[in-house]
Amino acid sequence: MTVNKSCLFLIVIAGMERFVFKGLACNLVTYLTDVMKMSNSSAARTVSIWSGVTSMLPLVVAPLVDSYWDHYSTILASSVLYFLGLLALVSSTLHKQNPSSFSLYSSLYLISLGQGGYNPSLQAFGANQIEPQDELPTTEKECDPNNKSWFFQWSYFGICSGSLLGVSIMPNVQDLVGWGLGFAVSAMVMVLSISLFLFGGRFYSYKQHKTVDINVSFFKKIIRAIKGLKSSEKSRLVELELQENPLFLKEDNNGVETGCSSDQSSSNSNHLFKIMKVIIRLLPIWTTLLMFAVIFQQPATFFIKQGMTMKRSIGKSYNIPPATLQSAITISIILLMPFYDKIFIPITRFILRNDKGITTMQRIGIGMFLSVIAMVFAATVETKRREASGSGSGSGRLSIFYLLPQYILLGVSDIFTVVGMQEFFYSEVPEEMKTMGIALYTSVFGVGSFLSALMVFLVERFTGSEEKNGNWLSDDMRKARLDKYYWMLACTSFLTFLGFLLLCKLYKPSV
């Protein structure tokens, strides 16, 4: 029962954090255009770059957590930084009529810094609550509540539930009541999540594998790792020895170091060598996933600006905030996740004669293909929107609900690819590098966000200035050609999907 309780606490906490983050991120592009007076393309680039930094920071923090720090302390310290960033954002919004760019960026990147240690540590800490004996094969492995796959799947379910509440509630508060109160609600929920995390401390298991001695200088280890690369044969022998019997420094009762002190230097340098080796082995698969991450930048950027020009009224006085349509992604995930477990997997088990149903790589591939279909829908709807608004009359505008299919398809692709990516990167790294595995997963969305910002810049550069009708990303949505931009994303994503299929045939999973 202890494992179940600890996992339950962490799943709820993960959902609360997603409420906070999604409540901020889902409508940030509107805040930048309406309050900070940025252009559509500038706001989209700003959101993409911020999302990229937020997703990439775990890749920097993860080796430190695996080697020097512990998950519990990292989660606690990171959540405090997270809260301070939200508090600074509330303060700058409430006390200044026109917040400065410095106060905005410092608040946002303080939140990024907090999340850099928070997310990978929370997921790795949750997976570590599962005892090793709980992972022994069972007749119903996927349904076993003491299985790491179960934790990742239902942790993602909790994350999606928090995201659903965030994108449904917060845009209404921000648009109808005020941005200051909206950011304040996020800060209060973060305080509640920190309190819940502390309250659950008595249930947690605090085990964590480490292979690097905390007393060794990080920079000395980098130098030793570089020297180790020069003697590759010796490094390989040390690595084989480490895999069989990891090196730890131990102390006797008198506090004197004993055991493996003669191999301390080799152990420390070899740890960084192993990190580089793992990253290089996973890099080709990682690269093919970037366009999937680019597509997932669209709901928080251009989908919103697209929805702003469509018919949004319900009744006489209420206009749907376009950011709330992102709830369709999380609703589809929440509704279809049980369908995936109870119907899809049993059917694939029967057809493929495979106990697991589909492999992790197949799961990722299905989601990638569905994301391509979503962009085809987005391009088609955008063409219809432009045709309907061509007359310039309000009565001819297309309903915002025409955007729902592309949101729902992205939600379904999310069930396959995002959960598959979490399990893939976690399972393909050594036991002592599990936080790095989670960081590799989040870094896909980080680099994908930077790639999205770069694509926006290049498209704007090569399709003409804002004054010309040729600009695909014009602020005037009657002149913008988002349909061409979406077709470009669909074609590029399909090519990377084909590359992923090829790599799957060549890739050999770690044993």
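Glycine residues also receive a Cβ, built from the backbone N, Cα and C atoms like all the rest.
In TrEMBL, annotation is done automatically, which means it is predicted and not curated.
Features as listed in TrEMBL:
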TRANSMEM  47-65  transmembrane segment
TRANSMEM  71-90  transmembrane segment
TRANSMEM  151-170  transmembrane segment
TRANSMEM  176-200  transmembrane segment
TRANSMEM  278-300  transmembrane segment
TRANSMEM  320-340  transmembrane segment
TRANSMEM  361-380  transmembrane segment
TRANSMEM  400-426  transmembrane segment
TRANSMEM  438-459  transmembrane segment
TRANSMEM  485-504  transmembrane segment
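The stretch in 47-65, 278-300, 320-340, 400-426 that contributes the largest number of Cβ pairs under 8 Å to the transmembrane segment (361-380) is 400-426. Sequence-distant contacts of the transmembrane segment (320-340), counting only residues of its own chain at least 6 positions beyond either end whose CB sits under 8 Å from a CB of the stretch, comprise 22, 26-27, 30, 153, 156-157, 160-161, 163-164, 167-168, 171-172, 174-175, 299-300, 303-308, 310, 312-314, 400, 403-404, 407-408, 410-412, 414-415. In terms of C-beta pairs under 8 Å, the stretch of 47-65, 71-90, 278-300, 438-459, 485-504 lying closest in packing to the transmembrane segment (176-200) is 71-90.
Among the stretches 71-90, 278-300, 438-459, the one making the largest number of Cβ pairs under 8 Å with the transmembrane segment (485-504) is 278-300.
Each of 71-90, 278-300, 438-459 was scored by its Cβ pairs under 8 Å to the transmembrane segment (47-65), and the highest score goes to 438-459.
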